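K.L.:
Copying in the features that TrEMBL gives for the protein in this structure:
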REPEAT    146-178  repeat 'ANK'
DOMAIN    181-243  domain 'Transient receptor ion channel'
COILED    232-259  coiled coil
TRANSMEM  318-338  transmembrane segment
TRANSMEM  358-375  transmembrane segment
TRANSMEM  497-520  transmembrane segment
TRANSMEM  527-546  transmembrane segment
TRANSMEM  566-591  transmembrane segment
Amino acid sequence: MRRRTSSTVLSAFSRTLQDIPEDEQTFIKATELGDLGTIRFALEASDEQKAGRLINCIDVKDRTILEIATENEHLEIVEFIIDHWGRMLSYESLNECVMLAISKGYIRILSNLLKHPVYQRNRGTLNRLGTITNYYQRINHSKFDQDVTPLMLAAHCNEVDIIRIFLERGETIKQPHVPSCQCNYCKNRRKFDPLKHSKSAIHTYRALGSPAYISLTSNDPILTAFLLSEELSQLARTEKEFKKEYRELSQQCKKYTSDLLDMCQNSKEVALILNQEATSMEEGLNELRPISRRWATRPTGHLSSFPGWRQLAFPVKIFIPLILYITCPVWAFIYWIAPTSRIGRVVSTPLVKFTTQTVAYFCFLAALFLQSVFADSDQALLIDCDVPIQDNEELAACDRIFCPEYNKSCYGGCNYSHNTSGCRYDLRQTGINFVDIFILILLAEREVWRSFDPIFVSEALFAFANVLSFSRLSYILPINEFLGPLQISLGRMIGDIVRFGAVFFVVFLAFFCSFLNLYWSLGEESNFGTFFATLLTLFWSLFGMADQTDPNIKDEFKSRGNDYGFTSGVGTVMFAIYHIVMSLVMLNMLIAMMSNSFQEIENEEDVEWKFARAKLWMSYFEKGATIPIPFNMVPSPKSFWRIYRWIAQPIEKHFCRRAELHTRKPNFHLKEKRNEALDIVTNNDITRVERRSHQNMMKAIVRRYLFQLQRSKENDEVNEGELDEIKNDISSLRFNY
């Protein structure tokens, strides 16, 4: 790393040029120019005391001789001072030079500094005590933070070779404690300086999140980066003062995972990486299902999704799903009796599952539409003990929609089907439909129609369920490049409305209470006299459906001897203020928030759309819900097998536990034991081979990434300070020869 150093002398420095003796000025000038001969002659011609003064003298920038030589990259001077006069150097000066060499990327100078016995001795002490000796110092004369170790600084700068040097020395970066930790270590640090304690955690996480550090220390960099990104996101929600810093670090980890995925060179590498990462997350990291947008939207992860499908013509893409659904009884029966056959494997592919279930859902919506349009109005006036045919169809549809979610729960666990918004939406829709049918069944013995009669409640729930059923089409919109971003924008705007509702509710409640207290004595004869009248008047006035005479008092009250002029005037003024605040200010603020969300989605349209499409695809990669409606109503042999295993597993565990308690006598034949052992060894061998292949592939990808990282750093620094270094090298050669 190369950086240009400013030569401007600031007034904050403690020394001026007049305060420095002439011999020290000459010595400092020779060090800056790289004049090794002058430095050697001055030190050898001086006694021990004067040599020590020259070695430890400082310039107007509070830099020691060793710091000046390190900053100007004079390797010969650094080697000479360390080899011959290193006994006179303090650890503070040596550590400052180490940090300076790391920040500038001077590897050869750093290697010479780390070989010094003084640094080795004090470094061992700090390794035992951590950074406790530096943390509790009130005054810091260093240019670097007290809690930052050399390894952490190297990680901050992404210096791969320097990080490798410190790792070979056995140094590590300790994981910081959680912010709510109440151990004595954290209590003492917070009591000493809360700000320094918080910044120390940020420095540590910045080092742990370094792409170079993760690449060199983790066996699974992608999984490590995902875990760290999730932890940083949680810290951003709890540590509000440093929310921006933690979010930036979280985004850095996500970008690192996407960059690693870009290092894959073929589809086999992509499949190996993605499959292994999915397995690792399913084993104990289900909370990481909302993965990085950039990682999920890399081109390398999408090119091999459905080969050949994109090249088909649009009419063919419409014709194939229809043919699949028409022939659904045939292949559904084949899948029912032979799920592992060739046709069964084709049917269980994500593309076939998506197309058939989408067509089936469109058929379900068509049935709802026809039932609503051709409903018999005469039948609605009668009460029959039998549930109408269309309601039987609705019950069947609810069962068919509920079956896929039940299957996903069996495969993915009890919490899986509640983790995605689509599944939660399906469960709400299905629940409302079930309640509707249940009420229809209970109304058979009711003979009197009331306001809250079950059939009225059932019709209301059915109407609401129809809205949810048709609204569910928005979950398949991300499959289209043009409709997907619109659906994402709509979802983001709903979040804006919810956040806006908090402020809106406070302002609305203030005016609501004011109008109700002002007109309460007028009762139902005023538009603001009752609770519901005030609520409806204020609400509809937001949409311009209220009259400007609403605050006026009717003539019936004025004829009683009181014209209520003051009350009417105050009400009119408050109503005008309400319109200005709510209609002009608040609603326009909501429009601005929604416009901002739409602009954010538009700026990242490609990333947001691909991420939404990836989430939609991933929902069809899960096991279960293979056969579409209505054929999924028939239980398959796999369902009976799962029920059997669910009942048999606890019983088997119980009897095995009892058998172990009774005797240790072998109850199995030798052949059965040998077969079990061979099965275990075979499974372990397969798992070991897969993990070895994944590790080898990950090592190759990490090597490519580190090479790309170092090459990009060299390209960025090729012009930075190179002219000054050439001048210094020429000066050194002139003085040496």
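Here the Cβ of each residue, glycine as well, is placed from N, Cα and C on the backbone.
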K.L.:
So, by DSSP, how many helix, strand and coil residues make up the repeat 'ANK' (146-178)?
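P.N.:
Its residues divide into 16 helix, 0 strand, 17 coil.
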K.L.:
Answer with yes or no whether the transmembrane segment (497-520) touches the transmembrane segment (566-591) by the criterion of at least three Cβ pairs under 8 A, sequence separation 6 or more.
P.N.:
yes
K.L.:
Residue list, the transmembrane segment (318-338) vs rest of chain: Cβ under 8 Å, 6 or more residues beyond ends.
P.N.:
312, 344, 347-348, 352, 355-356, 358-360, 363, 626-628, 631, 634, 636-637
K.L.:
For a three-state summary based on DSSP, what are the helix, strand and coil counts in the domain 'Transient receptor ion channel' (181-243)?
P.N.:
53 helix, 0 strand, 10 coil
